[in-house]
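Record features (TrEMBL):
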ACT_SITE  Lys179  active site, proton acceptor
BINDING   Gly24, Ala25, Gly26, Ala27, Trp28, Gly29, Arg243  NAD(+) binding site
BINDING   Trp28, Arg48, Arg49, Lys96, Ser128, Arg243, Glu269  NADPH binding site
BINDING   Lys96, Gly124, Lys179, Asp232, Ser242, Arg243, Asn244  sn-glycerol 3-phosphate binding site
BINDING   Lys96, Arg243, Asn244  substrate binding site
DOMAIN    20-49  domain 'Glycerol-3-phosphate dehydrogenase NAD-dependent N-terminal'
DOMAIN    52-148  domain 'Glycerol-3-phosphate dehydrogenase NAD-dependent N-terminal'
DOMAIN    168-309  domain 'Glycerol-3-phosphate dehydrogenase NAD-dependent C-terminal'
Amino acid sequence: MIQDSTIMSDSSVSNEPLTLAILGAGAWGSALAQLARYNGHTVHLWSRRLDNSLAESIDSIDVLVSAISMRGVAVTIEQLQTLKLPDKIPIVTATKGLDPDSTLTPSQLWGMGFSDHPIVVLSGPNLSAEIEQGLPAATVVASEDLEAAKIVQQVFASNRFRVYTSFDPMGTELGGTLKNVIAIAAGVCDGLQLGTNAKSALLTRALTEIIRIGTHLGGKTETFFGLSGLGDMLTTCNSALSRNYRVGYGLAKGKTLEQVLTELGSTAEGVNTTNVLIEIAHREQIPIPISWQVYQLLNHQITPQKAVEALMERDLKPEFYR
Ligand SMILES: NC(=O)C1=CN([C@@H]2O[C@H](COP(=O)(O)OP(=O)(O)OC[C@H]3O[C@@H](n4cnc5c(N)ncnc54)[C@H](OP(=O)(O)O)[C@@H]3O)[C@@H](O)[C@H]2O)C=CC1
Ligand SMILES: O=C(CO)COP(=O)(O)O
């Protein structure tokens, strides 16, 4: 029998200290910087607010990591294209969002902007506050270029952060992105105190919905059952640390969206993602009933209570189609 250690060991990837640029010094960029430094790597952390230039930050780096919110991705790619990025280094995208102008994912934008570089998606159940406390967590690094994924795996993997590789960047990225919409619904469910049965039904049907549209967009079914899919959905939908969950919870408690977002004071990607997702679903004719209720709620077209009623009163059907 082949031993697990035989399958896992990989001597082709070196453990030597590397130099990284991490773009985005918000909650996630800072946590990723802490993980890389814990492994002895040098990190140039860049954001608009910090007093360092983008050109200096990418000088002589081995890996580029983007942990910028969705709204900053396209503009940062444009800025980087005017600079000299070291040849062929892996570009890691850790953003969970959809671009409102093109409806593309961050990895698609990076791939179009830097077609000579391997693109690696990093995504999983990774609440930054828990990671910064040193609590154990796991994630996925996915790329069509396995060697690049293995380099990124070595950069971040440690006794507190377990990193798996995957060949499915689209599925990995969409799992982390689409669950933010469902986290808003989960926050509503808990804010309205609908109970554990309702929450389980919501999350289970939401997974079916994510798989329906996620596979249509190119993700693999099994990826959505993994860490970056179901795993991240469970984390985000069950934690008050999640900003998307807090959006839904606040709306259920009668706050306005504007009030909730002001109180959060940081990125809740699910709000923008919902709008873009509905545009994609209409274009591609894919039914996504839970996300549709979230969309109506965020756009002041329905109350939280009416959204629940609408989901409960849909046409009856088999759970699975053959
Ligand atoms: N926090 C978490 O637990 C996790 C977050 N993520 C994802 O990571 C991404 C970032 O989240 P997070 O760090 O929490 O968010 P924050 O709000 O804490 O930080 C956002 C970062 O994006 C930068 N940014 C925003 N707009 C622009 C712009 N127009 N141009 C350049 N930079 C910009 C900000 O720059 P500046 O500092 O200059 O304002 C800041 O560094 C999101 O997509 C999120 O879904 C993924 C996993 C875990
Ligand atoms: O993606 C996350 C955890 O994996 C972070 O969730 P929030 O953006 O909702 O805080």
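Please read every residue number as a count from 1 along the shown chain.
Any Cβ shown, glycine's included, is placed from N, Cα and C.
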Query = In the same chain, which residue numbers or ranges, 6 or more beyond the ends of the domain 'Glycerol-3-phosphate dehydrogenase NAD-dependent N-terminal' (20-49), come under 8 angstroms Cβ to Cβ?
reply = 56-58, 61-69, 72, 76, 94, 122, 126, 128-129, 131-132, 155-158, 160-161, 266-267
Message = Let me check the 10 A CB neighbour count of Glu269 (NADPH binding site). How many other CB atoms are there?
response = 21
Ask   = How long is the line from the C-alpha of Arg49 (NADPH binding site) to the C-alpha of Asp232 (sn-glycerol 3-phosphate binding site), rounded to the nearest angstrom?
value = 29
Ask   = Going through the binding-site residues Ala27, Trp28, Lys96, Ser242 in sequence order, which have a CB under 6 Å from an atom of ligand 1?
value = Ala27, Trp28, Lys96
Request  = Whole number in angstrom, please: the longest C-alpha to C-alpha distance across Trp28, Arg48, Arg49, Lys96, Ser128, Arg243, Glu269 for NADPH.
outcome  = 22
Of the binding-site residues listed as Ala25, Ala27, Arg48, Lys96, Glu269, the one whose CA lies nearest the CA of Asp232 (sn-glycerol 3-phosphate binding site) = Lys96
Remark   = DSSP, reduced to three states, assigns Lys96 (NADPH binding site) to coil
Message = What are the sequence-distant neighbours of Gly26 (NAD(+) binding site), meaning same chain, six or more residues apart, C-beta distance under 8 angstroms?
response = Ser47, Ala67, Ile68, Ser69, Ser266, Thr267
Query = Listed binding-site residues are Ala25, Ala27, Gly29; which of them have CA atoms within 10 A of the CA of Lys179 (active site, proton acceptor)?
reply = none
Ask   = So what's the average pLDDT for the domain 'Glycerol-3-phosphate dehydrogenase NAD-dependent N-terminal' (52-148)?
value = 98
Query = Secondary structure at Glu269 (NADPH binding site) (DSSP, helix/strand/coil)?
reply = coil
